[in-house]
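Here is the structure we will look at.
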Ligand SMILES: NC(=O)C1=CN([C@@H]2O[C@H](COP(=O)(O)OP(=O)(O)OC[C@H]3O[C@@H](n4cnc5c(N)ncnc54)[C@H](O)[C@@H]3O)[C@@H](O)[C@H]2O)C=CC1
Ligand SMILES: O=C(O)CCC(=O)C(=O)O
């Protein structure tokens with residue numbers, strides 16, 4: 001084994017000993033370690049500075065009690081988390097997830113991914129993530145508000161426009177950000193830049209709502225262009241019906257592709273004529289209902305229980321936009337058999353390590369989440385700039401910047417993959433391009 005391989009093996013061994021019960025975090029670290037050896041071979045100074053062991057240890061991570069009163073007058077207690085992973089290139093930045101599955105392992109995996117993603121945007125933002133095991137599904141607006149107020153009562157001590165800037169993720173949309181921002185302002189006074197994804201009437205940016213989904217399609221355009229292909233005429237399978245999925249469906253249709261599917265955690269709809277994002281938006285964002293209802297409203301659609309990835313149909317591109325590890329090895333093999341040549345990740349870490357292996361061996365091109373879904377956080381950083389300037393840019397201005405950022409992310413990842421001998425392994429390229437900037441910033445700042 002080379003010096004770099006030995007070093008990574010020993011860092012991994014001590015991580016497994018320290019955090020044996022954090023499988024998602026270990027998976028995210030492994031995804032990174034598998035691609036980084038050639039960089040360490042070329043830069044022994046990174047090993048000398050023990051940079052990797054420092055990189056996988058969050059600068060700060062905390063857990064807190066979130067007590068609140070439900071509509072029946074009963075006191076409920078949830079857990080809140082925030083992980084401030086790496087601030088070498090800017091204030092910690094990353095979403096909050098409210099979902100019953102949230103624990104320290106999930107928040108650390110998301111925070112670790114966020115560090116590289118934010119670096120890839122080219123904007124000055126460090127990486128962080130947070131959330132709670134609170135489930136907003138089925139809760140009244142009053143309950144969600146009381147929960148958010150209690151959550152922010154603790155979180156406000158640790159965040160600020162130049163310190164740590166949370167935003168949305170699963171279960172945290174415009175409604176939740178509004179309640180969180182209101183409580184922050186009540187306790188600390190006006191500071192628009194403390195959260196992003198805000199409503200347009202109180203400091204939000206045009207195009208932030210659409211940014212992750214639109215950005216995913218701009219990245220897909222760039223990847224297809226590198227293969228002398230284009231989106232027009234392509235058939236696409238999308239999973240999810242949340243913020244990322246809805247605007248991915250809208251942009252895909254606008255660019256001439258047909259989106260065949262959309263899903264939630266119960267099942268999925270299939271429509272050979274193309275999913276109508278407006279109907280999905282009405283059901284999920286306005287009525288907060290189930291995607292099953294789509295088939296009652298659109299004649300050509302059919303509803304199926306279970307995962308969209310277990311359904312066979314011919315298509316060209318897969319856009320997972322639901323959650324982590326939604327595609328395992330068996331599903332990856334099926335995606336390849338169905339003829340998909342490209343899988344671009346809207347959700348964070350949607351593919352298990354086996355799935356990634358299968359895509360590589362079957363020559364299916366994989367656009368990793370830290371690159372393909374970076375549009376959301378990129379526009380969040382643009383929201384911070386607008387808040388600093390006390391100005392609002394037009395939708396087109398933000399959207400044009402987003403397009404440039406997504407095309408640059410693809411170009412940088414492609415270049416890094418080629419430079420380090422990874423061909424068209426865009427996961428390796430994104431890891432390397434994201435890592436180099438952080439590594440150099442950490443080296444320059446000494447042992448901290
Ligand atoms: N909102 C954003 O700006 C960004 C979100 N992401 C990622 O995109 C993914 C989706 O997030 P959002 O659309 O914001 O959330 P959301 O809360 O708006 O929607 C989540 C979607 O995923 C589905 N889902 C959740 N858990 C599931 C499970 N266990 N099995 C099957 N489906 C499940 C839900 O039914 C829903 O359709 C997440 O992985 C998130 O981390 C990544 C970058 C930015
Ligand atoms: O906009 C943000 O700050 C967060 C987006 C996010 O959570 C993500 O990129 O996974």
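Sequential numbering from 1, following the chain as shown.
Even glycines carry a Cβ here, placed using N, Cα and C.
What TrEMBL says about this one:
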- 93, 114, 117, 168, 380: substrate binding site (BINDING)
- 129: active site, proton donor (ACT_SITE)
- 169: site 'Important for catalysis' (SITE)
- 212, 243: NAD(+) binding site (BINDING)
Going by Cα-Cα distance, pick out whichever of the recorded positions 129, 169, 212, 243 is nearest to residue 380 (substrate binding site).
212
Substrate site residues 93, 114, 117, 168, 380: biggest Cα-Cα distance, Å?
16
Inside 8 A of the center formed by the CB atoms of 93, 114, 117, 168, 380, which other residues of the chain have their CB, for the recorded substrate site?
94, 95, 118, 125, 127, 129, 167, 196, 376, 377
Could you tell me the C-alpha distance between residue 93 (substrate binding site) and residue 212 (NAD(+) binding site) in angstrom, no decimals?
15
